[in-house]
Amino acid sequence: MCGIVGYIGKQKASPILINGLLRLEYRGYDSAGIATIEQNGITIMKDKGRVANLYELDGINNLTGTVGIAHTRWATHGKPSKENSHPHMDNSNSFAVVHNGIIENYHELRSFLESKGYSFYSDTDTETIPNLIHYYYEKDLEASDNKFLAAVKKACDDLKGSFAIEVLCKDDPEHMVVVRQDSPLVIGKGMGENYISSDIPAILSFTKDFYLLNDREFAYLSKDKIQFYNNDLKLIVKEVKSIEWNAASAEKDGYDDFMLKEIYEQPVAIRETIGAKLNEKKIVFDDFSLSKEYLKTIQKIYIIACGTAMHAGLGTRNTFEQLCNIPVEVEVASEFRYKNPLVSEKTLCIFISQSGETADTIAALKLAKSKGARTIAISNVIGSSITREADYCIYTHAGPEIAVASTKAYTSQLTLLNILAIYFAELLETSEENILTELKQELLNLPKKVELALKDVASIKSFADMVYKESDMFFLGRGIDYAVALEASLKLKEISYIHSDAYAAGELKHGPIALIENGVTVISIMTNPDLVEKTISNVQEVITRGAKTLIVTNQPIEDKRFDQVIHIPETSTLLSPILSIIPLQLFSYYISKEKGLDVDKPRNLAKSVTVE
Ligand code: G6P
């Protein structure tokens, strides 16, 4: 949601900025724009629509400035239009600002500025920021050493809400100021040039060295120097972090879409996530440990996340409960944060977020901490906000995930959560050793089994061809297969725009069966040998009513009644989601392709939901 790019160096900024915006497209947006510092002041080029449209704007090729900021906007205040697109300038054209986030008190700020004679030309909350900066710049900062930075800081003191902002100043053309509060922003360090972005992949081809700003920290950048300040404008020292991702991992690499590439990257992502954690010895995490004494005090585990990450929690709840004998609740972060949850120092809260920037998940984490719970963040992005808020942090190693619909991050999260549950069980001694050894061995076998699960594309494609014009689909499963049904249904909705619902198979007769009629598609997941017969009976009921059926199973089912049966390799029931989701990811992908849709950037969705 909204993307920010910045460049300060010796090269022409505009192509670098546009290129960066193209790489942030997956975050979701409806308009785009850039501002550069030219000989005669700040020049802005912007419009609604795709980033590529910027190339068509009159005069864009004449920009020569080497300092610039850029933005993709996801409309919140005011419709998508040229006027509402970023960057925004103050009335005197002295400051240009791009902003990611929401200024909650913008009405108040706008009235205040109007009373001081400022006019507004957009409906956005953002336009208050450059004007507020200008107000302070002109007002009372004569004594300050760095008027530009001091004015930005004064303006930020007045802002309520979330923001990551970049600011250009006409009078200080060789610098820019950036600051963040509850919105993502990273600074890439180059040689005689520096880069800013909402996330790492957009500037990975330029540098692997990053600075991560904490809330209300300011950076004052030139091409050769970056100075960091705390909220009192005292100079602070920040460490540079080197990121192991390579630039090629953020490219399509011959695949038609990022989603397909990421589906096929799952064996590697799982292998990397397992890393050196599993062997015949007890599990050890490199940068994280909990004591047996502490774990023994835990009465409940909460797993909290949004979207697919929440489904990873549902897919591993059983592992924690069965192996560790601790009750687990899985909760949607946006619900948890507003429900006054029963959390105490005897609760362990695990937060999962691929991006590490999801606003609801971060707010839920802050709430849990304030109630005394210990918190663990599981994220795919080193140094992301959530990892800096939590007491402990563990990483999935899926590499950059660009497609909006999450695939390799999900299976990596499932893998890591299973490892975490085994780690707890080893410490607590709540499970028999042979059960844990077998599970660890099965985890090590998973990358190979995922490779096998990726092989049967023809049958998946042929079922997708048969049903892609349908408007309703249902996913059924029992136990852990129900968790996979929820994720498969979400995947289909996200990228095919087909209405779909997931039900615990036993619930069919309590309502959804009323919707089954000729031609409705019903997809069932059956991996638990003890429950297969029961789910088959449910599927029989929908076949009788004319449904088209697809079965995903690791059981020896060969039944002519079903339209298609997809066989996946066998594994422990607890780990089966990591395999059973694979054909269903491919199914959604091929449906979306058949419908001619944009698989990687589905309508209305954002990869990183950084506002509420
Ligand atoms: C958005 C994305 C989903 C993702 C969810 C949580 O809705 O479109 O794919 O699962 O956010 O994202 P996170 O980065 O916190 O895992």
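Just so you know, the numbers here start at 1 and follow the chain as drawn.
Cβ atoms are placed via backbone N, Cα and C, with glycine included.
Note that this is a predicted model, so its numbers are computed, not measured.
If you check TrEMBL, you get these features:
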type: DOMAIN; residues: 2-224; note: domain 'Glutamine amidotransferase type-2'
type: ACT_SITE; residues: CYS2; note: active site, nucleophile
type: DOMAIN; residues: 290-430; note: domain 'SIS'
type: DOMAIN; residues: 463-602; note: domain 'SIS'
type: ACT_SITE; residues: LYS607; note: active site, for Fru-6P isomerization activity
How many Å lie between the Cα of LYS607 (active site, for Fru-6P isomerization activity) and the Cα of CYS2 (active site, nucleophile)? 10
All chains considered, the count of other Cβ atoms within 10 Å of the Cβ of the residue listed as 'active site, for Fru-6P isomerization activity' is 24
Give the sequence-ordered list of residues that share a chain with the residue listed as 'active site, nucleophile', lie 6 or more positions from it, and have CB atoms under 8 Å from its CB. ARG27, TYR29, HIS71, THR72, ARG73, TRP74, HIS99, ASN100, GLY101, SER198, THR610
Per DSSP, what is the residue count of the domain 'SIS' (463-602) in each of helix, strand and coil? 66 helix, 28 strand, 46 coil
